[in-house]
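J.: First the structure, which I've put down as structure tokens, then a few questions once you've had a look.
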Amino acid sequence: MAQLKTPAEIDEMRPAGAFIAHVLTSLRSVAAVGVSLRDLDAHAHGLIREAGAHSVYLGYHPSFGAIPYPGVLCTSVNDAALHGLPSDYVLRDGDVLSIDFAAQVEGWVADSALTFQVGTPSPEAARLIETTERALAAGIAAAQPGGRMGDISAAIGEVGRSAGYGINADFGGHGVGRTMHEEPHVPNLGRKGSGQRLKPGLVIAIEPWFMAGGDGYVMDPDGWTIRSADGSLAAHAEHTVAITPDGPVVLTERSA
Ligand code: MF3
Ligand code: CO
């Protein structure tokens, strides 16, 4: 069962949310043609140290990972959708970069991701990214107390499917709290009115990821990087959201 947070605990999660938002904004400004994924990881690691925060990625070893996670960020480029390792790859003009970042601050975790283009933008990538963000917004809007988990899943799936994008429900959102991955699972496909009730105090990461082509994915030999099976572009967007009596509150909102 999902652990419900008190209003005071949700307030205590705000510094973690603000830190994650700040780091993602900073990474977005640093990412450019000629910068390596490892450089981005090092930049984030510096900000973690400076803030006295704690990485929840480094050394993380869930059942789906072949090796303990070697970075503080996920950096997924082009056909890579999720869990891209921060390698020596150097960003090129036109790359579609997704950055996923979670960390613990004052004992609480927040988790968020964004996707953007590096260098010259393409309209196809812009539409995919914009649709993924719209799905995240629709999922957040559906995260209402008294609603059901399926309301969030259906809202996300509908946006992706009506744009004609591939969706794979093997990976989705999750509860967030003292640790990064908690109950419940937040699927990116589902039926409105189905699933568990959304109660005030539930804190979840909502994270649609879509592929420009089909629904299939493949895992790299590195045991982490998840790519579209057909090589099509992928995009991912994520926020940590608290469900309150007044509705959803986004803890990882970026001002820029
Ligand atoms: N933050 C990712 C998520 O959204 C998980 C990354 S797994 C890690 O659920 F090992 F890279 F940390
Ligand atoms: Co997440």
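Positions of Cβ are set from backbone N, Cα and C atoms, glycine also.
According to TrEMBL, the record shows the following:
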BINDING   His83, His181  substrate binding site
BINDING   Asp100, Asp111, Glu238  divalent metal cation 1 binding site
BINDING   Asp111, His174, Glu207, Glu238  divalent metal cation 2 binding site
DOMAIN    12-244  domain 'Peptidase M24'
J.: Counting other Cβ atoms within 10 Å of each residue's Cβ, which of the binding-site residues His83, His174, His181 comes out lowest?
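T.: Sparsest of the binding-site residues His83, His174, His181 by Cβ contacts within 10 Å: His181.
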J.: CA-CA, which of the binding-site residues His83, His181, Glu238 lies nearest Glu207 (divalent metal cation 2 binding site)?
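T.: So, spelling it out, the nearest of the binding-site residues is Glu238.
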J.: Which whole-number value in Å describes the distance between the Cα atoms of Glu238 (divalent metal cation 1 binding site) and His181 (substrate binding site)?
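T.: Computed Cα spacing between Glu238 (divalent metal cation 1 binding site) and His181 (substrate binding site) is 14 Å.
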J.: Near ligand 2, which of the binding-site residues Asp100, Asp111, Glu207 are found, taking a Cβ distance under 6 A to any of its atoms?
T.: Asp111, Glu207
J.: Within 10 Å of the Cβ of Glu238 (divalent metal cation 1 binding site), how many other Cβ atoms can be counted across all chains shown?
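T.: By my count, 26.
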J.: Looking only at Asp100, Asp111, which of these binding-site residues has the biggest number of Cβ atoms within 10 Å around its Cβ?
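T.: When each Cβ's neighbours within 10 Å are tallied, Asp111 tops the list.
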J.: Can you tell me which of the binding-site residues Asp100, Asp111, His174 is spatially closest to His181 (substrate binding site)? Compare CA atoms only.
T.: His174
J.: Within 10 Å of His83 (substrate binding site) (Cα to Cα), which of the binding-site residues Asp100, Asp111, His174 do you find?
T.: Asp100
J.: Please report the number of other Cβ atoms within 10 Å of the Cβ of Glu207 (divalent metal cation 2 binding site).
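T.: A count of 26.
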J.: Would you list, in sequence order, the residues of this chain other than Asp100, Asp111, Glu238 that have their CB within 8 A of the centroid of the site's CB atoms, where the site is the one recorded for divalent metal cation 1?
T.: Cys74, Phe101, Ala102, Ser112, Ala113, Ala205, Glu207, His236, His239, Thr240
